Amino acid sequence: MTMDEQQSQAVAPVYVGGFLARYDQSPDEAELLLPRDVVEHWLHAQGQGQPSLSVALPLNINHDDTAVVGHVAAMQSVRDGLFCLGCVTSPRFLEIVRRASEKSELVSRGPVSPLQPDKVVEFLSGSYAGLSLSSRRCDDVEAATSLSGSETTPFKHVALCSVGRRRGTLAVYGRDPEWVTQRFPDLTAADRDGLRAQWQRCGSTAVDASGDPFRSDSYGLLGNSVDALYIRERLPKLRYDKQLVGVTERESYVKASVSPEAACDIKAASAERSGDSRSQAATPAAGARVPSSSPSPPVEPPSPVQPPALPASPSVLPAESPPSLSPSEPAEAASMSHPLSAAVPAATAPPGATVAGASPAVSSLAWPHDGVYLPKDAFFSLLGASRSAVPVMYPGAVAAPPSASPAPLPLPSYPASYGAPVVGYDQLAARHFADYVDPHYPGWGRRYEPAPSLHPSYPVPPPPSPAYYRRRDSPGGMDEPPSGWERYDGGHRGQSQKQHRHGGSGGHNKRRKETAAASSSSSDEDLSFPGEAEHGRARKRLKSHVNSDGGSGGHAGSNQQQQQRYDELRDAIHELKRDLFAARQSSTLLSAALPSAASSSPTTTTVCTPTGELTSGGGETPTALLSGGAKVAERAQAGVVNASCRLATASGSEAATAGPSTAGSSSCPASVVLAAAAAQAAAASQSPPKDMVDLNRRIFVAALNKLE
């Protein structure tokens, strides 16, 4: 077909036929229902007494009034539904369809073999595969006849769409209206005759061909195509409509049964087209002579044994044959870029040439084209069959088996400046993931295996270090004794030390938590008195860090250091007690000079001595003690407390000078005890606490007396 014939065929009218409604299929929506009585009544009313249309309805794209592409040539109510036959006559629309069909891969595949290729018809069959009727919404005859005026027009137009909302509305395109009606087996001969009479009579009422009714453009058609992509289950509906109408029993251009995956697989078709173009370029024209490089006539080669030909089938594509070569050209020119192709010229020779000494079966073996995919076993079988021809063609030649080449030898190891060998990354990877032993440096061992013996040039490694200690807390706490450290055995170095520190052994961690909870209890808080700087704050008592395990073998030195620290505290406390005892003695001496007696003060204690052991010089003792007690009284009234033992020493010396009878007697006679009680009561009544510090001091003295 020439170019002019193709263009004239492209602008020729295209007929489309199909059902607008099926009476045996109930629609999903009530507004789409078209009963048979209503349809026949509308046809009689609009056809002026005839069951057909008197005025041609417009035919558009997706109910777009600006995209009118033709008219409805016939419409008739048949046994199964309302049938329609339309005619596409818009030149602009047909030209757009022709240009778009040239870019479509689905259209390039062509129709079924008995049909003639027609790109315009195939494009319309794939893009607008459904028919849709625009009519009034009526459910019965009474509602249809109740309207008046312009609303009495039952049908408005018929649209070409991607898929119809009513079931069974599949569109069939063709160049001949008679051929289109024959695609539907549900139409009887009488139905076809009535449709034929309508389209022949509708020629005078068709749209004027001089004025193109299509006022849209390619952008509007592209927008409609995008909308069609979002139709849910479009292909299953088209397949159902195709089976319902019965188009599957006859050949047509309908693409409803073609899946998108099969439509996009055009590799075989492109290989077929490329093979045809190569064969046409290699085959000389009729009457042309092939030039020869040698003056001698060419020798006709013997015909090789050819494999049996495959039966012709539209689904089987012929394999691409290599380009034919002239007899003067060498056979190596047709070899493929394969490692074994240079050694197997018989397998790569063209089908029309043979090699001397080769068997017919081997000489007929040809490499397939790139579009054929072979399994691995079949590929190596072909290589094995071609390898048998190598000794025949080249005596003494040995074909290499298709096995993996041996691994290259590793690079030698060179000693570095510090004496250790330089090892590459490949050697390290081989040691970890393969059975590789470096002959130059056997000191490296594989992971998860015991290391081999060291090189004799290396010195003997030192023995393992003994058990060491590791601190539990940060290194900042240097004042903590070694008893708070954790001991790690040298034999367990293979395990992680952090595992021991952070809960590796559950018993040790539990004991640490219990010790911390016991130390944080409120019962261990020390006492504080009002007026002190730390009153109201919880103060912890000093505790000795005793080994929780009960053992004392490794903590003897630490306990000794702790005992020394606590001995110093005990000495300080004892010194304070001696000072307080001296203060009480001075207050006792001061009370002897006071004549009045009162009740004993709660802050003083009486010293019990035998009453029968009284000295003869008892009258001189208060007088002798009064001179030393005057200074103490003055200091007591001034709020000064002497925290030393001088008063007790002075009183003892004065008592010694008073007479020999008092030096050998008891430390406190009965008169002195009574006088001390009276003096303390008078001092307590006469000198009240001056400030809070004095009050706290007296309370602290009373507390120490209770402890004693």
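Each position is counted from 1, following the chain as shown.
Each residue, glycine too, has its Cβ placed from N, Cα and C.
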Check: According to Swiss-Prot, which listed range is motif 'Nuclear localization signal 2': 75-81, 173-179, 439-445, 537-543?
Finding: 537-543
Margin query: Can you identify, from 24-29, 492-497, 510-515, 618-623, the stretch that Swiss-Prot calls motif 'Nuclear localization signal 1'?
Written below: 510-515
Check: With Swiss-Prot as the source, which of 333-352, 353-372, 413-432, 633-652 is set down as region 'Interaction with pAP'?
Finding: 333-352
Notebook entry, point to check: Between 373-393, 667-687, 688-708, which stretch does Swiss-Prot give the note region 'Interaction with major capsid protein'?
Noted result: 688-708
Next item on the list: Let me know the most crowded of the active-site residues, choosing from H63, H157 and counting other Cβ atoms within 10 Å.
Entry: H157
Notebook entry, point to check: Can you give the mean pLDDT for the region 'Interaction with pAP' (333-352), rounded to a whole number?
Noted result: 41
Next item on the list: On the DSSP side of things, how many residues of the region 'Interaction with major capsid protein' (688-708) fall into helix, strand and coil, could you say?
Entry: 16 helix, 0 strand, 5 coil
Checklist line | H63 (active site, charge relay system) - helix vs strand vs coil (DSSP) | finding: coil
Notebook entry, point to check: Using DSSP, how many residues in the motif 'Nuclear localization signal 1' (510-515) fall into helix, strand and coil?
Noted result: 6 helix, 0 strand, 0 coil
Notebook entry, point to check: About how far apart, in whole Å, are the alpha carbons (Cα) of H63 (active site, charge relay system) and H157 (active site, charge relay system)?
Noted result: 8
